[in-house]
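The transmembrane segment feature in TrEMBL is assigned to 50-68, 130-148, 160-177, 246-269, 311-332, 359-378, 398-416, 428-449, 455-477.
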Amino acid sequence: MQNSGHLIPDLGTVLTVVVPTHMAKQADQPPHNLPPPTHHHLSNKCYGGILFQLLWILLLATIVGLLLQRLAARLGVVTGLHLAEVCHRQYPKVPRIILWLMVELAIIGSDMQEVIGSAIAINLLSVGRIPLWGGVLITIADTFVFLFLDKYGLRKLEAFFGFLITVMALTFGYEYVTVKPSQSQVLKGMFLPSCSGCRTPQIEQAVGIVGAVIMPHNMYLHSALVKSRQVNRANKEEVREANKYFFIESCIALFVSFIINVFVVSVFAEAFFEKTNQQVVDVCRNSSSPHSDLFPEDNSTLAVDIYKGGVVLGCYFGPAALYIWAVGILAAGQSSTMTGTYSGQFVMEGFLNLKWSRFARVILTRSIAIIPTLLVAVFQDVEHLTGMNDFLNVLQSLQLPFALIPILTFTSLRPVMSEFANGIGWRIAGGILVLIVCSINMYFVVVYVQDLGHVVLYVVAAVVSVAYLSFVFYLGWQCLIALGMSFLDCGHTYHLGLTVQPELYLLNTVDADSLVSR
């Protein structure tokens, strides 16, 4: 293959981009975004035995995320435009502004998770000497560290990300070996789908895994990163080969990410299964842990979050387990910081055609993320801080349609993708996936509204829910037209410098010059 040295991204780049990005959202349970990772699922009071049964969902979500990354990479390689740029050219002004706001919301939510995870890690490492609010403020500094590294070149930044990912693999691998989870349980949970005894909290947790692994803004980021490699788009064979190598890269990166996530989930599943608060208190006191007063002295089943999880590991397996756990969480948090910055920059430039420096971008995002997090850290306790991730996790899940639907829409449009447009199999599978995700989100909306318990909140939630579902319906309608259901377009046609079929409604705002020549 020609120019392979430029075309094929190295593994460091993949790990730099793909893994941290996924990490950022998988925060809940698995550690794609370790900081948030453990928070989310565990803060949902995940109980050990149930977690093993959810490993198959983690595997399935990772596979689906891989396929979506394939679509994102193909869009970037074939068109030379990333997803936000294509949205800017294809959607009318009002829908694309709303879409931009939704994606920005997902990015800010992810950044809040990173802040929370890092603050908790710093608190654990300092044995409580640095309060949570102090940890939140310290996270401001890490943004400048990344900007400093970025100033000295992409390779140095890639090397640092590679270091962080190595730290995560080693630290959580250490916890996995130390705790020694049942391998039969791990394999059974991974390859035999089941969820016996699962109730609403566990179902929400399972859905949260999907939202954690398939990060909304990751699709926008991945479609942009492939543009950094030189590909002659006039050469179809080179485009085809580029797509193949990018897919291989994503496979490797997500495999690494999946293994790290399995480490974390398995550790929690094994270490905390069937333990009561009183048992943990007794063990912590015997080990002279400074955190023994963290748990109530009763026989209730132990419920853990990212903070309590580290404490329990320290009580049962020694202080080293606690500190290594905290280092892994901190590394995961840092790895997600810059990917969020890059995502935000690509999204803003693509949707608004607005050029901002990374410095300005990171200051804006981090400022918005820190303010509410700092308030919770100052006026509430760690439980409220980790509980904040439950809301953020649901928020991220609700943002999924705003990445999934556009990527499926545009990769199915032949005038955009030429012969690389999705085939019938991809269209059907993608359509089913969109339907499932939207159905799950509607379920979340209904459950959330029912639990509010106040008339005013009901009204506000109802208005927001109607607006949300209406916009999802609009995007879904456009997607169905792109998938071949031209009858939904009422037979309209538009002239774009080429013969446009009725199903190409989305192209009605595109000038011929804006189409990428191939």
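First residue shown is number 1, and so on along the chain.
Cβ atoms here come from the backbone N, Cα and C positions, even for glycine.
Across 130-148, 160-177, 246-269, 311-332, 428-449, the stretch most heavily in contact with the transmembrane segment (359-378), judged by Cβ pairs under 8 Å, is 130-148. Long-range contacts of the transmembrane segment (311-332) within the same chain, counting only residues at least 6 positions beyond its ends with a Cβ under 8 Å from a Cβ of the stretch, are 23, 31, 33-35, 37-38, 117-118, 120-122, 124-125, 164-165, 167-168, 171-172, 174-175, 178-179, 267, 271-272, 275, 280, 283-284, 287, 289, 291-292, 294, 302, 304. When each of 50-68, 246-269, 428-449, 455-477 is scored by its Cβ pairs under 8 Å to the transmembrane segment (160-177), the top-ranked stretch turns out to be 246-269. In this chain, the transmembrane segment (398-416) lies in contact with the transmembrane segment (455-477); the count of Cβ pairs under 8 Å, excluding pairs fewer than 6 apart in sequence, is at least 3.
Tertiary proximity for the transmembrane segment (398-416) is limited to same-chain residues at least six positions away from its ends with a CB under 8 Å from its CB atoms, namely 68, 71-72, 74-75, 79, 83, 86-87, 90, 99, 102-103, 105-106, 109, 210-211, 214, 216-220, 223, 422, 426-427, 430-431, 433-434, 437-438, 441, 444-445, 468, 472, 475-476, 478-479, 482-484, 496, 498, 500, 504, 506-507, 515. Note on the transmembrane segment (130-148): residues 114-116, 118-123, 157, 160, 333-334, 337-338, 341, 358-359, 362-363, 366, 370, 373-374, 377-378, 382, 385 of its chain, located 6 or more positions outside it, place their CB under 8 angstroms from a CB of the stretch. Beyond its flanks by at least six residues, the transmembrane segment (50-68) meets 22, 29-30, 41, 182, 185-186, 188-198, 202, 205-206, 209-210, 212-214, 218-219, 250-251, 254, 257-258, 261-262, 265-266, 268-269, 403-404, 407, 429, 433 of its own chain at Cβ-Cβ distances under 8 Å.
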